[in-house]
Each structure stands twice: as C-alpha cells, then as structure tokens.
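Novice: What follows is a single structure, and I will ask about it in a moment.
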Amino acid sequence: MVASLLPSRFRGRESMNQQHPLRSGNRALTSTLQFLSKTACLHPIHTVCTIAILASTTYVGLLKDSFFHGPANVDKAEWGSLVEGSRSLITGPQNGWKWQSFDGDADVLGDFNHQALMTLVFPGSYGVASQAASPFLAPLPVNLSVIDLPSTSSPLTAYSKDKVFAFSVEYSSAPELVAAVQEIPNNSADLKLQETQLIEMERQMWIMKAARAHTKRSLAQWVHDTWTESLDLIKSAQTLDVVVMVLGYISMHLTFVSLFLSMKKLGSKVWLATSVLLSSTFAFLLGLDVAIRLGVPMSMRLLSEGLPFLVVIVGFEKSITLTRAVLSYAVQHRKPQKIQSDQGSVTAIAESTINYAVRSAIREKGYNIVCHYVVEILLLVIGAVLGIQGGLQHFCVLAALILFFDCLLLFTFYTAILSIKLEVNRLKRHINMRYALEDEGLSQRTAESVATSNDAQDSARTYLFGNDMKGSSVPKFKFWMVVGFLIVNLVNIGSTLFQASSSGSLSSISSWTESLSGSAIKPPLEPFKVAGSGLDELLFQARGRGQSTMVTVLAPIKYELEYPSIHRGTSQLHEYGVGGKMVGSLLTSLEDPVLSKWVFVALALSVALNSYLFKAARLGIKDPNLPSHPVDPVELDQAESFNAAQNQTPQIQSSLQAPQTRVFTPTTTDSDSDASLVLIKASLKVTKRAEGKTATSELPVSRTQIELDNLLKQNTISELNDEDVVALSLRGKVPGYALEKSLKDCTRAVKVRRSIISRTPATAELTSMLEHSKLPYENYAWERVLGACCENVIGYMPVPVGVAGPIVIDGKSYFIPMATTEGVLVASASRGSKAINLGGGAVTVLTGDGMTRGPCVKFDVLERAGAAKIWLDSDVGQTVMKEAFNSTSRFARLQSMRTTIAGTHLYIRFKTTTGDAMGMNMISKGVEHALNVMATEAGFSDMNIITLSGNYCTDKKPSALNWIDGRGKGIVAEAIIPANVVRDVLKSDVDSMVQLNISKNLIGSAMAGSVGGFNAQAANLAAAIFIATGQDPAQVVESANCITLMNNLRGSLQISVSMPSIEVGTLGGGTILEPQGAMLDMLGVRGSHPTTPGENARQLARIIGSAVLAGELSLCAALAAGHLVKAHMAHNRSAPASSAPSRSVSPSGGTRTVPVPNNALRPSAAATDRARR
C-alpha cells in the first residue's frame, strides 16, 4: 500500500497487461472517476468549451473584482506606513564598533544617538530630469538637520540608471521630513519647454509614489511599475536567493520541456502537452479565485517565488501516466476483442474505442493518481496548519487548492481532450488509409469503404467530426479551437480593461496586484544592500564622536515625475482618444437590465444552435459517390456483349440445363435446393436484395423483346427479374461488367452473371454447369471486390487455411496462417517451429526496403541516351527526379535510381519506399510524372517513353537483378537448434543436415543454373502465406528467392535463410477483403502502422522469412532421415495404392518411374489441323 503511493518513477513501469483486482476501498472511487470521465468523453467539445469559459470567467472575475472593488493602496505616504518593514542597527564600544541588529524597544537605549536612514530613488528613465531632482530643493523645516550620505550601488545599478539619494536625520524629526519631501520641484533643463506649451496648465513634480491617489493606470504603466519593482526586489535580495530563484525557473522550464518530449514519444508533438499546461493553468486560476474568496492573503511576489518550485516538485507525471495508459488501451482495442457473456458464449465487444480506453486506463491508473494527489494535498495542509512563516503558510493553502482542481480537471477537462485526440488519431488513420488505397488505384468509394471498416470498433458509429471529413479537417479543428479560445480571452480582457469605473477612469492591471498584496507580508529588508555606504559613513562618524548610535534603515522611497493633480485622481480618459470613449460607452450600455437580458437570451439561443450543429456534424453526411442512376446508355451501346459469337438471341427456355446431383458442401450454392424444385421454378427464381427486400416477383418470362427494350430505355434494369436481365445481356443490351452498377445489388449481379455465362451459346458445351455449380457466391462482401480486386465475378474460391506454429520471432510468438491444398505443409512448418522455439526462437534482420519499377525510354541516337544516363546518375538529376516523384504521393519516397543502356534504349530502375502498401500502382504514378518532368524540364524533350514497365523492375519474373539488388523487403532469419532437439524432434543429426544442405540446396541448385533458388521449398511457405494474407500470388516468383545455409556451431545446428526480395503489403490489394484482413489481424499487422509507416509490412516480411526458415528446417530434416515419402503417404492418401489421380509431391525425397502412355506425346487435333494448313 505504501509503495503504491510513491510516484511511478520510483517503482518502475508496470506492464499494461497486468491487471490488478479492485479492492473494496477503491472500487467506489474508481467508479466515480469513470463516471466523470465518461460524461466528459460523451460530450468532449462541450466539456472543453464549458471549462474554458468557466476558467476565463474566473480570471476575468479576479481582474474585475480587483479593479473595481479592490482595497486602496497599501503603501501610504505616512511615517507609520513607511517605517513598516524597516531594520534597526546599533553600534558602540560595547560591541566593538560593529553594526548589530536590534529588534527591541528604542526607549531602552536612552543614551544612543537614534538616526533614521532614508533612501530616495528617482527613476532613470526620465533622462536628465532625474539629475535635477534633489530632496534639498523641497522647502524643509528650519530646525531639521539632514546629513547627506553616499548612495549604495548594486550590480543592476548600471542597467536601471536610477538616481539615488541617501541621508540621515534624527529619528524624532523624520516624520516632518517625510511630510516635506512628498513633492519635490523639478528644475530640469526641459522646464522652459514645458512652460511654452499652451495646453499645459501645471508643472510636473517629483511625487512620492505612495502619496498618489488610488487611481487606475494603463497597461503600459503597469508593465513599467512591475519591471521597476522586480529590479528593486532583485537589488535588495541576497545573491543566494537570486541564484535559487534562477535555478527554480530553469527547472520549471526544463519540466515543461520534459513534458513536451514525453508527449512527443506518445505521438503528440504539441497538442497534448499544451492541453496539460492549459489544464494546470485553469486549475491555478480556480484555486487562486477560491483562495482569495476564502480570505487567504496573496502577493505577486509569493506567487512568483512559489509556483516554480510547485511545478518542479509536483510535475506532470500524472497527466503523462494517464495519457500513456489511454493511448495504449486505444491501440489494444483496435485489435479484435472478446468478452464472455452470462451464458458462457463469447461475443464481440460493442464498446467504442474512446470509452474503452478511458475506462480501462482509469481502472488501472485512476486510484493511484488520486492517491498521489491526496498525499500531496495532505502534506500541504499539514504545512498550512503548522503555521510556516514567511508567507509559506498562505502558499500551502493555495497549492492544496490548485492540486484539488488539477485532479478534478484531469478526469474531466483533460480526458475530454484525450477523447478528441483519439478521434483525431482515428480520423488520421482513416484518411491516410483512404489516400493510400486511392494511390494504389482503388476507387474513392471502395477506398472509403475499406478505410471505414478498418476503423476501431464503434457500435454507435458516431464521430466528433462527422463521417465525411477531409485530411485538412484535423489541423483546421485545432487551429480554430485555439483561435476561438484566444479570441474569447482577448475579448474578456479587453472588456475588462476598457470598462469604466465608478469615477469614469479606465481599469488598471496594477490594482489587481495591489489587491493581492493587500494583506501580504512585506519582504524582509537587507540594510547593507539598501544603504551599505551610508552605514559605513555613519559608523565612521559615530566612532569619531565616540557615541553609541542606533540607525533605523527604511525601505527605499520611490518617486515618479507626475502632475500634482494626481492627488485628486483625475480621469485620464483623454489619453485613450475617441476609441476608448466609444468602447467604454458601449460596455456601459450593456449594464442596462433590459439589454443584458436580451444578450443572455441571444447567448442561450447561440448555445442551443451550436449544440444542434454539433449533433448534425456527428451524424455525418452521406457518401455523395454512391451511384444514383444506371450506367449511361451510350456506354451500354459501346460495350462488348457476352454473346459475341452469335447475333441472334437464343431461346431462354432452351438454355436451361438439367440439374446435377445435389452434393452438400460447407458453403451455400445453388445446388443446395431441391433438384426438382430447381427444374420446375427455374424461370420463377426470386432474387433477394442485400437489404432483405424482394427484388423481383415470381413472374414467368413473358415479356417480348420490344417490351424489354422499352423497359431498358426507362432505366429500370434493377426492377426487372433475373430472366429478363439475362435475356437483355445475351442480346448485348446490358454489359456483363456493369451488372453490379445496373442491378445495384452485387450478390444478384454475380448470380445473374453465372446464368449468362452458362447460357452463352459459344461456350454452352463447357459452361452450362456453372449456373448450378458448387462454386459459392453468396454471403460475401462483393462491394469490396468491385473496382478493386476482380472483374466479371462469378463466385469465390474457398481455400483451406491452416495455422503453423506457434513460432517465436524476435521474442514474440505467432501462429502463421497458411492457405494451401498441399497436405503435410502446415504440419511440417509446425514441426520446424517447435524445433526453433526449443532453440530460443528465430531472429530476423531487415536488410532492405524498397519496391522498384523499371521504365524503358528510347532516344534517336546513342549520344542522347548516354547524356540522359549521365544526368540521371548525377546529383542534380537525382534531386530533380526525387522531387518530381515524391510530389505525387504522401507515402511513396524515391530512394535511388539505377540506369543501364542497351543501344539507344535507356532503362531506369526506380527504387522507392511505399509505407505499408506493396505500392506498385503508387510507384507507377510517380514514375510517370518523374519521366514527364525529365522530358519537359530537364532538356530531354526528344525522349520517347516506350513503357512504364520495361522488365527492368523485375516484376513477377525470375531475375538476377532482384536476387542481387533486392526488391521489396530484404530479410535474413536465423535460428540455432541444439543437437538434442535435432535428434529428438527432427529425427536427424546436425552433420547429416549440414551435408544435405550443401549437396541439395547449394551444389544441386548451382548445377541446375538456378537464380535465387538455393533452398528446399521457400515458395511453398511464401505462396501459402501470400494467399492467406491477401498478397499478390504472382509475386511469389521473386519473393521466394532464398538461400538456405546450415552450419555446425559448437555442436548445434545454425540455420539461416536470406530472402532479398519479399514483396508484401498490409494495405490495399487483397488485404482489403475481410477474410484476408482477419489473417493480418491474427498477425497484428493489418492496415497501416499507427506510428511508423511501413513497419507492419516489414513485420509481415519478417514473419514470412521465419516461416520459410521453419519449413526449410523441417523438410531438410525429413529428407536427411528419409521420412518424406512416408509422411506424404500417411497424410495425403488413405491407402498406398489408389485409383484416384493424386497431385504431385513437391519436392520429393525419392524418385519413382512412371510409365508414359504412348499417346501422351502425340500432338492435339488442333495442332495437327494447324500443321496441315
């Protein structure tokens, strides 16, 4: 319990996955915090605005109360007020003629010569005027004896340039002197110039600041006074105190820097750190307002000295802890989460990401955070109760109030900010994914659909900024939120500054500081800093006379060059001109009770309207890209019909085929219905829409061709029944590729297309069985396939998906999904994974990351091709092409270019990074633009672009260039298998496997002239994972480039695979489909990486390399032990000899001679016919 109260930096960071059961003592507190945070998160914008307005009103109230109702100036031009805070010193033969502090009654020292040492300070900002000021210019009483003393300088005297006069006078006569020097004539050289001014009715004089009437000065005057008082405070303070304060302010600013750096590590450069500072500022304002209302005396000096140390001691650790927990749980919630229902079944969590993250973070960290606040507040309360002197008692009360409000705002205001941050992160991920998919060539509608489905789970599907937001919405929201807050505060301050007081004068900021210091303790006086030289002079005189002396050193008395009318507090409204009068009159008119009520009603209506607009924004806007009308008839006329081999329309009834014998399959197909029912109601088929509504009625095909043409002209294709659509398509009236758009139902379009292909006369002999075949087509998200993955869809091909593993890769366990129809492959990979795990797991290294595209350009002569190559290889060419290429996408970045010449043909190999997308379409767009810039701006207008892909990439083909230079991700994976694991799990030995690898993978592949094929079955594993995770299967050609190496390392088997060209992506292409996306979710690499673009794709490449490592290990062990054929026979065949044809085993450990039929080598009938012609 005691350890939990310590800050986390003293206890070490705990795991996010470590769940602590809630004790009965903190369950109620946690529930309360979760309720407050949930309320704030449900309406974050309203919460932020409400608290911001409340805090703004609080400090404006502080200013107004101080301006208009604050007490009068504490300092008075009276002896009783000036002598407060003075210090008395005594010297004489009894103490060796040394100054000694004396705090007793002066009457006790009857034989002492009691002197009052006074210091008059005239500001140096008035130039020559201060030189003419002298206290002896004032009319002094005749019996008053004044001794002139040397002034005392300080290190800041050169900067302030103040004129200081020091003198001593009998203590009993000091009040008369104070009354005489309240006003001192100004005999400067500028006096004649002042007398010539006609407007001037009185002469300026040096007036004691404390003698002025309580008038409200301007902002410039307040700044000047504050600066002067700060310099005086520094001059009178001890050097050690100044050093401590400087260190305190430096530490405070370092704490601010640490806050920004910590938030930057969490993914926020400015936003969250600024919000934390804003929350703390609001807490300070609320605490200060409550403290003043409770009667706690405050002063600007006390605040300026105490706040830096409060910031350093308390810090922002609690806000950082809560932020880290919320963001971490938000990332966890993006993965599929499961909960156990009351009935024991597993159901998906419907809670939104924001609510889940905040609730879980508060459940884990909320109690500890509140405990830290409570401990800190208790310590401050104890300090206040103990009565610490020197103003610290008052500051302890203020600090306790600040921490209380800081705790309250942390779970309301700041959690609302965090909810907005999470929504901004979701919006950024959504927009970045959508842009990346659009760069990959997907339509905007498909990209939006995929990006929406990849958002975090949200049952309500309501967002703070609406459903249709652009990438510029996030910075616009931040900008206008900050601007709005600043405008509100500036208006509040401006209204306060220009609001007229009861006497008609303008407000003064100095009144606030004076009211805060109304009952504060004055700072202790340092006599030797104030009048060190004067004390030395008095000591010298007392020693010479041999008389004991007592000196009372007063605080410096400051003067200002003012008009004598300052005593009357005259209005200075004319200094502000007509504008100030107009603003003051306007603000005064608002004090009218009727007008103020109307203003309140208008404000209420504004709040209600804004609430309505916020609600409307949350509902979002419908996607305007959804099709609202059928395909243009002009496009229909130009489209190619399905029945291109026959012009006349076949009879629909004659196209029906006899139903096949029904066989049940795991997936619903048309053959699942009764055979006789299919035959009887083939023309009465009822098609169901995706929305569950009936699309067609059970009407026989009785319309004539003329009626169908008339209906077609009316653009009512979607209202026709299936048989009518088939008839129109067979006549070429409805193009097959446009069925989805025409019917507005993807599943129905796939079904109709199957019927059309089955009834096409040109291929009816082969395709007649397709309409009622076992190829499934229902219950599939065809909307994602449309315009993205496949065209002319007739169904989907289910492939078994197994999982190999688990396998430990770089210290983390994975199950590897593999889509394959080859038996033993998954089991073999699992056996290899087990052996790797027993050896400590696989270790991977990323050696390269860059997708390539190699266009071909041609010039008329070789010299121009050579010049282009030299320019492209130069720094200038590289820079120009990089700028042109990078301007086409926010994700693709050109790394390098490699060029080669063949005659007048120039081949350029662009190598780029593409984030988490595989990026071929993205690169093609960038290459095209870069080549256009090269032709138009680089002086190669005679360049002829032959093709964007000149096979110099090289894509989907074996290539030594890919093997040497790499393409996509380059991965090296290694594992060390102990000898006993090789013996017990792999049933082999280390030396046998090393020798097998040399003979098979190295020498055997070299003898075959292989390029990148120095492995046993890398393509097997790569293809299975490619298909399961939505990769391009054709790119297995180069992705399976691999060399397997084995070595006997101190008795253990060291195995590694090097794969320089794994071409994968976790965004776009087949990864947008839900089944493939689910497999990526199982690996934790779906979509784009939240913080490091491209990291998900690189991690997928590491997983593939490690899976290949497991497969290589297991297969080589089986080959070394001679178990391969036996394993395949056991897993793939029910009996050793089967009449059913079996697929070939690849690779095989043994060889069997199969007799070849005599007619197998004969040419086909078509080949014989071509030979005759």
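Including glycine, each Cβ sits where the backbone N, Cα and C put it.
Predicted, not measured: the structure shown is a model, and the values here were computed from it.
Under the heading N-linked glycosylation site, Swiss-Prot lists N143, N186, N886, N997, N1132, citing sequence analysis as support. What Swiss-Prot records for 241-420 is domain 'SSD', and it gives sequence analysis as the kind of evidence. Summarising the annotation, Swiss-Prot assigns transmembrane segment to 242-262, 272-292, 302-322, 368-388, 397-417, 479-499, 594-614. Positions annotated as region 'Linker' by Swiss-Prot: 498-673. Annotation source Swiss-Prot lists region 'Disordered' at 647-669, 1132-1173. The compositional bias 'Polar residues' annotation in Swiss-Prot covers 647-666. Annotation comment: Swiss-Prot describes 674-1133 as region 'Catalytic'.
Mind running through what each feature is packed against?
Specialist: Per-residue pLDDT, averaged along the domain 'SSD' (241-420), amounts to 79 for this model.
Beyond the transmembrane segment (368-388), the same-chain residues lying 6 or more positions past its ends with a Cβ under 8 Å from any Cβ of the stretch are 4-5, 7-8, 29, 33, 314, 318, 321-322, 394, 396-397, 399-400, 403-404, 406-407, 410.
Reduced to three states, the DSSP call for N886 (N-linked glycosylation site) is helix. Using a 10 Å radius centred on the Cβ of N886 (N-linked glycosylation site) and all shown protein chains, the other Cβ atoms total 17.
N997 (N-linked glycosylation site) falls within a helix when secondary structure is assigned with DSSP. In sequence order, T1044, L1045, M1046, C1116 make up the list of same-chain residues 6 or more apart from N997 (N-linked glycosylation site) whose Cβ falls under 8 Å from its Cβ.
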Novice: Can you name the far-off residues of the same chain, 6+ from the ends of the transmembrane segment (302-322), with a Cβ under 8 Å from a Cβ of it?
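Specialist: Same-chain contacts beyond the ends: 7-9, 245, 248-249, 251-252, 255, 258-259, 262-263, 266, 276, 279-280, 284, 361-362, 365-366, 369, 372-373, 376, 391-392, 394-395, 398-399, 402-403, 410, 414-415, 418, 516, 520.
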Novice: Does DSSP put N186 (N-linked glycosylation site) in a helix, in a strand, or in coil?
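Specialist: For N186 (N-linked glycosylation site) - judged by DSSP and reduced to three states - the answer is coil.
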Novice: Given N886 (N-linked glycosylation site) and N186 (N-linked glycosylation site), what distance in Å do their CA atoms have, once rounded to a whole number?
Specialist: 72
Novice: Which number gives the other C-beta atoms within 10 angstroms of the C-beta of N186 (N-linked glycosylation site), all protein chains shown included?
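Specialist: I count 21 other Cβ atoms within 10 Å of it.
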